[in-house]
Amino acid sequence: MVLTPVSPVVLVILDGWGYREELVGNAIAAAHTPVMDSLWQAYPHTLVYTSGKAVGLPKGQMGNSEVGHLNLGAGRIVPQELVRISDAAEDGSLAANPALVQVYEGVKQRGTKLHLVGLCSDGGVHSHLDHLLALLDMAKSLGVTQVCVHAITDGRDTLPTEGKTFIQRLQDHLDRLEMGQIVTLSGRYYAMDRDRRWDRVERAYRVMTSDENIVDTPAWKILANGYAENITDEFLPPVRIAPGAIAAGDGVVFFNFRPDRARQLTQAFVDPNFKGFERSLISPLDFVTFTQYDASLSCAIAFPPQNLSNILGEVIAAKGLKQLRVAETEKYAHVTYFFNGGIEDPLPGEDRILVPSPMVATYDQAPAMSAAQVTQEVIAAVEKGVYSMVVVNYANPDMVGHTGQMKATIQALEAVDRCVGQLLQSVLQMGGTLLITADHGNAECMVDEQGNPWTAHTTNPVPFILVEGEGVKIPGHGTDVALRDDGCLADIAPTILEILRLPQPAEMTGRSLIQPLEVDLRPNRTPVRVRL
């Protein structure tokens, strides 16, 4: 019979809570966070890397929530889709991709239009401009002449007004190829909603599927006009600037590689049972997505999912132990789908709690978001005493940090700090262990070198704090522990397994962050009282 460990391990992911020593523009340094400050002083802590090759991204590439949670749950460095697709573009195999070739040849034979849809930036979080340029090169080489680009502008994973640079680079490439045109523009606020705010998605969809209300203005000028009215890239209202509506018989390639913000717009095009808003299904329509956005969607996939076996959740489930995932809407997919390596359905013994995010235009209007409700759900679950592992995400540092609003971000951080304090008391009373970390940086850098708002992620490391409960929580140590200072997110799953006394599978190549000190064994510390 498998015995459930006496007390839980609770992994707290402070989304976007990075570490940076510089004080200028550092919302975390400016915020009053007595709980996190006390824990950092009182308990074993270290910094872990969350960007670049440490998480399977190109060198110097900032991390993101999808990548972070994927590495956290997999317990290994997972080669990311950005690298996978970029390699295909560089070595020429992209042009031979069966799913892409089929849609390209199809529109060529039918004499219909090819539509390239996606986020037009080099942010590398949801897409990369180089991938779009490679798709255009492929169209040129295959003799596809009717090419319509539906450019989604960023301003969130890039600077707020950097879109003009990306659009100009795209237009220059089209001019060199003497083929294709930009036909629509839409800020990601509309085209890439992930919180079922269908009114936003509908505005992008209507513009993409209708040749009415054409604004005869170059794309760069549309953006410049928006900047003059304080409308940044993210919030650019959808607009059609040239003919080329998506119609029956056409082919579509959605070149975003991250699923969560591409899913809803894709559903509007391909789901025969779509209920988000009134529309007639465009059929037939050859629709290809770069990666699998949702297993239930009937569309071709250029880069099918990679198989990850023996991830952390599977190891827990295989031992007959119960686990829980809790997050509000904005990060729910991350603690479930991404943390489970792309598995949509819950694992055996895995429970999930979704707390609705507040329905506001931008989260600086509600910086506390739903953190208090998330905390209460976790406390209630921990006190049941049935879960061996609990994974909880606090979205505030990232989601409010993305607004670029310093005051609101400070308020968000302080709200999360209070919640961590409340959760801490509950976990320690149960004799549990609290592991506090983040998936990437954001809130620690709110301005760029010129003092302008910085709304993107960072390449900074993030904190990792190990908070012990009343009992002997680190098996085999019975004393203070030291933590390695060269770790990455992939090392956290092995750390959890060590605490739970579970063997680490061979596929999990990360290394536990725990290393015992060379001292005589003594009883565990009395937990330090945290200033609340």
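Note: Cβ is positioned from N, Cα and C throughout, glycine not excepted.
In the three-state DSSP scheme, Ser65 (Mn(2+) 2 binding site) falls into the helix class. The Mn(2+) 2 binding site annotation in Swiss-Prot covers Asp15, Ser65, Asp439, His440.
Marked as active site, phosphoserine intermediate by Swiss-Prot: Ser65. Residues near Ser65 (Mn(2+) 2 binding site) in space but far in sequence (CB under 8 A, at least 6 apart, same chain), listed by position: Asp15, Lys331, His334, Phe338, Asp398, Asp439, His440.
Long-range C-beta contacts of Arg194 (substrate binding site), restricted to its own chain and to partners at least six residues apart, with a cutoff below 8 Å, comprise Asp260, Arg261, Arg263, Gln264, Glu330, Ala333. According to Swiss-Prot, the substrate binding site annotation covers His126, Arg156, Asp157, Arg188, Arg194, Arg258, Pro259, Asp260, Arg261, Lys331.
In the three-state DSSP scheme, His402 (Mn(2+) 1 binding site) falls into the coil class. Around the Cβ of His402 (Mn(2+) 1 binding site), the same chain contributes Gly16, Arg156, Tyr363, Asn442, Thr455, Ala456, each under 8 angstroms and 6 or more positions distant in sequence. Residues annotated as Mn(2+) 1 binding site in Swiss-Prot: Asp398, His402, His457.
A 10 Å radius around the C-alpha of His457 (Mn(2+) 1 binding site) takes in these binding-site residues out of His126, Asp157, Pro259, in sequence order: Asp157. Long-range Cβ neighbours of Pro259 (substrate binding site) (same chain, at least 6 residues apart, Cβ-Cβ under 8 Å): Glu66, Thr291, Gln292, Tyr293, Asp294, Ala333, Tyr337.
Least crowded of the binding-site residues (Asp15, Asp157, Asp439), judged by neighbouring Cβ atoms within 10 Å of its own Cβ: Asp157. Other residues of the chain with a Cβ within 8 Å of the Cβ centroid of Asp15, Ser65, Asp439, His440, the Mn(2+) 2 site, are Ile13, Gly16, Thr50, Gly63, Asn64, Gly68, His69, Lys331, His334, Asp398, Ala438, Asn442, His457. Neighbours of the Mn(2+) 1 site: apart from Asp398, His402, His457, residues of the same chain with C-beta atoms within 8 angstroms of the site's C-beta centroid are Asp15, Gly16, Asn64, Ser65, Arg156, Asp157, Pro397, Met399, Gly401, His440, Asn442, Ala443, Thr455, Ala456.
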